[in-house]
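To start, the structure itself, in structure tokens.
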Amino acid sequence: MVPSQVAANCAKRKAHGVGDSPSKKAKSDIPGYNDSPQEEYDIVDRQFYPPEMENERCKQYNTSAIERPIETFEEAQRETQSERDKTRVKDAVVHWFKCDLRITDNKALHLASAKAKSRSVPLICIHIVSPQDYKAHVTSAVRVDFVLRTLEVLKEDLAQLDIPLYVETVAKRKAIPNRIFELCEKWGASHLYTNIEYEVDELRREALMTRTGVSNGVAVHAVPDTCVVAPGELSSGTGNQYSVYSPWFRAWLAYLHTHPHQLDLFDPPNKNPEDARRNFKDLFECEIPEAPENKNLTDEEKKRFRSMWPPGEHEARERLGKFLSEKVHHYADARNIPAGNSTAIVSVHLSSGTLSARTAVAAARDANSTKKLDGGEKGIVGWISEVAWRDFYKHVLAHWPYVCMNKPFKPEYTNIQWEYNNELFQKWCTGMTGYPFIDAAMRQLNHTGYMHNRARMAVASFLAKDLLIDWRMGERYFMEHLIDGDFASNNGGWGFSASTGVDPQPYFRIFNPLLQSERFDADGEYIRKWVKELEGIEGKAIHDPYGRKATKAAEKAGYPKMCVDHKESRERCLKRYKEGLGRDTA
């Protein structure tokens, strides 16, 4: 997609209210509005969230002076356990699909099916489309489209087992719990199963539903399934949550080696009783809705994205199998090369739940020469480590929930003075910075809804450190455009690159975009694919056409000069970080 098309799409989405911000006058009427850049640039979406959290409150979370949402949820589960256990199965059991859009290796779905079978009652599945959740969580339109297409596949798979999938759009996100309880009452269901999500809003919602379900005669069973190892299972020798990946990963490996059953996969649900189709005929006829107005794609975008990203768990397992049989042997050496097509590209399936992380790790283990997750083939060990990062960031999210509230993991980094230069930000967004590797990556994102992980680190570092633009603007842009957008992983990656997060690169380590280009796209293959203005430039000039005697060709093609000087930007960045932190060390 050329930059002008990106700008046009931004304008189109603003017309639908996506990315819009209220006028200053309107904002000033919002309680707590403080006219800060964070307010002005919608880093804090005040339609759903309070003002930016104070550092002192972050410290209270760190010292356990404030109860974490996961603790609130766990307390609700403990205190209602007895009542939920005593709840008698009535006419049906319900499973609520969220980010687990598969029938294979789905813990909550498996448990719901077993509960239904124990009393010979039907299993009913539901999914709620929530336009407000999409907006509050900055979910991309391409991701919404993928989810809705996946629901069509899921519906067919369930129908083969005579299990209905009911999908409904609920306009107000706060109305979702009551609506689900209404449906349970309508269908005579006294048991609701779902898999836990670890974002703050979702944990608080599930805690509330666990408690109110008891009074509504519905036992709510929210179970851990998103991670291979659930948050709370790993702790350091001092009993604390790990904040550095390497020791956490060693603990993760040790846990799985001593609890190998954690990699046992859950069977698909049982077939429903024969009368399910007759008794719930209207549910089987339920259609999957169109995308909400605030997440519409153009016809051209639908055609393009749908050709690139087939939906459903069958596609997910096929991709995984092909990677493990054909590519994983070269993964250790080739995984950082964006043009190499050497990765599994299953992140969209992991984030939407068409593939479980447990299935991915178990399949990689079974493809290896040993059952040890840290032994055998180097490529397999490396790939398992990459899947584990997803667990790590969700563990971080559960223990330090303020990262879900627009705060850096290290609250003291709040004091860094960021830039809010819209002209430079737009150059970054549209891939017109004058740094070919950076521009190639951004254009890949805008055209495909996806970006190679090495490129994600490079463009994030460039925005935060070369341009000194608030990293949260980049974090938001990624979520608005990625088909595999996952809050915990996206936030963790941006925190790493901006040196504001858990286990970061020290702030004085600043990616040189030219060196990144030369190292990871030596022949310029990635650049030539995505920056069409430069496809005729040969040799090393592809990395820096204006600095390597390709000025005329670049100018003629309309490619811009570098928007900033890296050396000068690096010095400015170091100075700004030191001033914000009040020290010379990370």
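Quick reminder: no glycine exception, Cβ is built from N, Cα and C everywhere.
Per TrEMBL, the listed range annotated as region 'Disordered' is 1-43 (candidates: 1-43, 44-86, 259-301). Across the domain 'Photolyase/cryptochrome alpha/beta' (91-228), the DSSP tally of helix, strand and coil residues reads 68 helix, 30 strand, 40 coil.
Under 8 Å, Cβ to Cβ, and six or more positions away along its own chain, Ala388 (FAD binding site) finds Val228, Phe249, Trp252, Val361. In this structure the alpha carbons, written CA, of Ile345 (FAD binding site) and Trp471 (site 'Electron transfer via tryptophanyl radical') are 25 Å apart.
Cβ crowding, taken as the number of other Cβ atoms within 10 Å, peaks at Trp494 among the recorded sites Trp418, Trp494. The shortest Cα-Cα distance from Tyr331 (FAD binding site) to any of the recorded sites (Trp418, Trp471, Trp494) is found for Trp494. All chains included, 23 other C-beta atoms sit within 10 angstroms of the C-beta of Asp484 (FAD binding site).
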